[in-house]
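Take a look at the structure set out below.
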Amino acid sequence: MSLKSETRVNTSTLQKIAADMSNLIENLDTRELHFEGEEVEYDASPGDPKAQEGCIPFSSIYNTQGFKEPNIQTYLSGCPIKAQVLEVERFTSTSRVPSINLYTIELTHGEFTWQVKRKFKHFQEFHRELLKYKAFIRIPIPTKRHTFRRQNVKEEPREMPSLPRSSENAIQEEQFFGRRKQLEDYLTKILKMPMYRNYHATTEFLDVSQLSFIHDLGPKGLEGMIMKRSGGHRIPGVNCCGHGRACYRWSKRWLIVKDSFLLYMKPDSGAIAFVLLVDKEFRVKVGRKETETKYGLRIDNLSRTLILKCNSYRHARWWGGAIEEFIRKHGADFLKDHRFGSYAALHENTLAKWYVNAKGYFEDIANAMEEASEEIFITDWWLSPEIFLKRPVVEGNRWRLDCILKRKAQQGVRIFIMLYKEVELALGINSEYSKRTLMRLHPNIKVMRHPDHVSSSVYLWAHHEKLVIIDQSVAFVGGIDLAYGRWDDNEHRLTDVGSVKRVTSGLSLGSLTAASVESMESLSLKDKHEFHKKEPISKIVDETDMKLKGIGKSRKFSKFSLYRQLHRHHLHNADSISSIDSTSSYFSHCRSHQNLIHGLKPHLKLFHPSSESEQGLTRHSTDTGSIRSVQTGVGELHGETRFWHGKDYCNFVFKDWVQLDKPFADFIDRYSTPRMPWHDIGSVVHGKAARDVARHFIQRWNFTKIMKPKYRSLSYPFLLPKSQATAHELRYQVPGAVPAKVQLLRSAADWSAGIKHHEESIHAAYIHVIENSKHYIYIENQFFISCADDKVVFNKVGDRIAQRILKAHREGQRYRVYIVIPLLPGFEGDISTGGGNALQAIMHFNYRTMCRGESSILEQLKPELGNKWINYISFCGLRTHAELEGNLVTELIYVHSKLLIADDNTVIIGSANINDRSMLGKRDSEMAVIVQDTETVPSVMDGKEYQAGRFARDLRLECFRLVLGYLSDPSEDLQDPVSDKFFKEIWVSTAARNATIYDKVFRCLPNDEVHNLIQLRDFINKPILAKEDALRAEEELRKIRGFLVQFPLYFLSEENLLPSVGTKEAIVPMEVWT
C-alpha cells in the first residue's frame, strides 16, 4: 500500500470516528448529569456579521438555514430577551394522576412580545438538552459545524443556572409565587448566555425561528413543531390520488403563523415549504370528524385544505383557538367580504398617481427600480428585455430594462418575473426568449412562465395583468406592458427616422459654432425621397462598403450613401449599446466587419464627451434629441437620436412582430411605413394598496411554483407578503402622488391563481360606477364588447350604459357618455381588402355592442330616444398624420387604455378590457385599481359650481386636452364636461371636423361611406388628395386639431364580419373573440 493511499485510509477512518463520536454525544442521555457550580461559557458579541445591523433585513427570508446550523441569525443584535412568568394554571384530577401546572411565560425582544405555555416537565427536558449540549461542546470533534461552535464560544466565569429539584406535587398553593420566580430567574440567566440562547433547543423552547423577528413580517405570531399531511392543493386539471388515505404522507414541519398568512418550514434545511394566505374562506377546524385524523387540525382557505396532527386533543384545540384568535386580532381585514367581492380592502389616505401614455410611466418605473432595496416583482402579458425606459437615450444602456434589472440583482435585490406562456402557434411574443434572456443576467433574477397548456388544459385564456411592484411598497398598475411599441408620449409621432446634417470638411469639432451649425447643408425630405427612387438599396450598401475601405483617400464618397447606411442598415449586434441611435447602427455594422475596424476607428468621434465606455452613448442637455457627430472624410454628420429602436418601431396592423431574438433589427421599413402610435393609461399606488398588489402577485407565484414541477426546487423560493402594519413606512415615494381612497380589483380564477371561487370584482366595480354616476362617464378601452345576450356575450357594461342614459332621459337630466376606442382592432390585416379574419371578428363584436343588432346600445336607446341618442353618447377614435420621406401619411392611434372616469371623482385604471375575457373572472387574469378622491378642487359641472376630485379631474382634463389638441393652448375652457357648449361645440364638433378632413385628404379606412366589400374596392381606387395635390392637402391638414375623430359606425355594415366557415378563425371557439 502506498503512502498516499494509506493517508487516504487514515483520513477516512478519522472522519468515521468523528461522525460516530458526534452521533454518540448527540444521543447521550444526560438525565443523571449535574454540572452545578461549574463555570459556563459566554460569548459577548454575536458571531454573525449581519447581526451588527441591529435588525434582521427582510431579504433574510431567502437565506434561511437548517435549525441546527450554528451560525444562523435568530435574534435582534444587541437586544436582550426579557422573560416573565405571568401565571400558573393548575389542572387537578380525582384520579391518582399527579396535578399538572401550566406556566404562561411572556417574552419581550425589541418590539416583539409573545407568550408560550410550558409545563415543568418541559423545563426539565430543556435543561437536560442544555446539559447535553454543554458536554458535547467540550469534546474537540473534527467536524465543520462543531469546530465553528467551539471557535465562537469564549469562557467566562459564570455559574450554570439550575432548576428547582422539588417535585411539583410537593408545592403548596402559597409556594407557587416562589416557583414562578425561580423559573423566571432560570430563563433570564439562560437567555443572557449566547452559547445557550442560540442553541436550537432554546429557540424551540421559546417558539422562535429565523423568521420571528423580521420587522416587515409583522408581529411575532404562533410557532411550533407539528406534523403535516401531504396533499390538499387545488390544482386545476390535475387529478391526483390525494383523497385516498393510503396516499398521505406525514412530515415534521415548523409552523409559523403571521398576521396575514401561515407557513411551514423544513427543520433540517430551513427551507420554506409552503405558504397559505389568509382570505375570506380561511377556517380552522379541530377533531377527527373534520380532519379524519386523531388529534387533527384542519386549516382551509381558497387555495388549500391543510391537515396538521398534534400531540393530544387538548393541544389541537389550543392550536386551533390560538390561530383563530391571532388572525382575528391582527388580520381581520383579510377575513372580510369586501366591496365588489374583491380580495382587497378599501384603504383610506393612500398615495396614488395617474399616467397618460408610457413616457412618464416608464420613467417613474425606472426611478423606482433604482430605489429598490429588497424585491422587484414584475408580471406582464409580454415583456421585452431590451426596451429603454427613459428616452431619448442619452446615457447608453443605463436605462435599458435588462440592464436595470441586472444592476439591481448585482446589488442583492431579488427579482421575480412572471410571464404569460403563449400558445406559440397563435402568438409571436416569444416569452421563452424573454425568460432565457432575463435568467442569464444574474442568479437573483427568477422567471416563471404560466400556464402549461397541456397539463392545465388552458389554451384560450391569458395572464393579462401588467404589474411592477417595488419592495411591496410601491406598485404600478395599468395597461402598459414593458414591451415593444408601448412607449409613447403626447406627440404620438408617426415617424422616427432621425435627422442627418453635413458640415463641410473644413470645419473641425473645436471650431463648430452656432453660425457654422446654421450653415450646415441639410437633406430635405423631398431630396431624400427623390434619391431613394434613383438608387437601389443594395447598390448603395455595396458602394458605401467599397468607399469605406478607402476612407480619407477617395473624394467620391457620397453623402447620400453614408446617410442611407446610417439610417437603413439593420443591426446585427443585439447586445451593442451603440445600437440605439441613428448613427450607431452604422458603427455596429462596421464593428461586425473586422477588416474595417482599424481603418474606420480613428475617424469616428463623438461630438460630446461620453461618460460611458466605447459602446456608450453621449449625454446632452436638451430633451429634443441627442446630437451626434461622425468625423469622416467628407466632413461632419450630425444626427438626432431615435426614440424607437429596432423592434420598438412597429405597426402591428401592417405587420406583426418577427425575430424577437434580434431586438435591434428593424422588421418594417421606417422610411415607407409609419409607426402606429400607442395611447395608454397607467397608475401607481403606495402603502397598503401596494401590499395588496404584491399579495396578488405572491399568490400567483406560489401557485405556479406548486403547480409546475420544474419550479419546485429551492432556487425558486416561496414568496412572503409583508405585513400591513408596516405599510405606512415608505422608503420611496413616487413624486406627484396625491392621497385618495384606493381599492384593488382583479379577475382571477382556479386556473390563474389557484382559488376555489373565481373573482370578477373589476366587472362589479364597472357596473357600480356606471349605475351610480350622476353626470358623465368617460371610457377609453382597447375593446368595446358587451351588451349581454347570455348566449355569446355575458358582461353587462354596455347594458348599464344604455340603462343609465335612459334613466337620465326620463328624468330630464343632462348626462354624457364618452367612448374612445381604436379605429381598428390590433390584429395584422390589410383593411383595404376588408382586413384579416381576426380583425373582422373583433370589429363584428365591437359594432354589435355599439350599433348593430337588437342588443346594441343604440338599438336599446332608439325606441325611446330616436335620434336624440346623439345628445347623450359619443363614439370616437384617435388619428394623426405626418410627413414621411416627402409624402403625407396618416395612421390611427392605437387606444390600448383601460380607463373609466366618472363625475370627476372616481377612476378605474387597470389591464381589463371591456369584454368577457377580462370581465368575467374565469377567463383572462386582470388587475385594476379604483381610486375615489378625498381631496377636492373648485370646478364646474353642468353649469354649476362643483367640488371635483383632484385625481379624477386632473386625469380627465389631461385626456381631454390631449385628444382635443389643447395641451399647449388653454384658450378653451374644458372644466365642464357636461355642458352643451363643451359636448356639442368642442367635443362632437372637433371629432366631426377632424374626421371629415382626414377622409378628404387621405380617404381613410374605416369609413362611413363603405358599407360592403364592393364599395370598399371602389373606394380605394379613387384618387387621394394627399398624392394628387400635396399643397392643398397640407392646407387642409392645418385645420386639424388634436387627435379626436368620430368613430365610423356604418363601416361594412352590410357585411357579415364573423369568420367564414372553413377558415382557421372559424374553428376557434367564439369565447376567444368576446
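Just so you know, glycine gets a Cβ as well, placed from its N, Cα and C.
The annotation domain 'PX' is assigned in Swiss-Prot to 81-212.
Sequence annotations record features per position, and here Swiss-Prot assigns domain 'PLD phosphodiesterase 1' to 459-486. Sequence-distant contacts of the domain 'PLD phosphodiesterase 1' (459-486) (same chain, at least 6 residues past either end, Cβ-Cβ under 8 Å): 216, 355, 358, 361-362, 364-365, 368-369, 371-384, 387, 389, 401, 418-420, 422-423, 429, 450-451, 453, 644, 647-648, 650, 652, 657, 660, 675-676, 678, 680-687, 689-691, 693-694, 696-697, 700, 721-722, 727, 729-734, 744, 746, 751-752, 782, 896-898, 909-912, 917-918, 923-929, 1069, 1071-1072.
Away from its own ends, the domain 'PLD phosphodiesterase 2' (891-918) comes close to residues 354, 381, 461-462, 464-466, 477-480, 486, 492, 494, 651, 674-683, 745, 747, 762, 765-766, 769-770, 772-786, 793-795, 797-798, 820-824, 826, 845, 877-881, 924, 926-933, 936, 939, 941, 946, 948-949, 951-953, 955-956, 959, 977, 1043, 1071, 1074 of its chain (Cβ-Cβ under 8 Å, at least six residues beyond either end). Per Swiss-Prot, the feature domain 'PLD phosphodiesterase 2' maps to 891-918; the stated evidence is sequence analysis.
For Cys240 (among others), the entry in Swiss-Prot reads S-palmitoyl cysteine.
Residues or ranges marked as S-palmitoyl cysteine by Swiss-Prot: Cys241 (among others).
Here Swiss-Prot flags Ser499 (among others) as phosphoserine, drawing on similarity to another entry.
What Swiss-Prot records for Ser561 (among others) is phosphoserine, and it gives similarity to another entry as the kind of evidence.
For Ser629 (among others), the entry in Swiss-Prot reads phosphoserine.
Annotation comment: Swiss-Prot describes 463-928 as region 'Catalytic'.
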Next item on the list: Across the whole of the domain 'PLD phosphodiesterase 1' (459-486), what does the mean pLDDT come to? Round it, please.
Entry: 95
Note to self: Can you break down the domain 'PLD phosphodiesterase 1' (459-486) into helix, strand and coil residue counts using DSSP?
What the structure shows: 0 helix, 11 strand, 17 coil
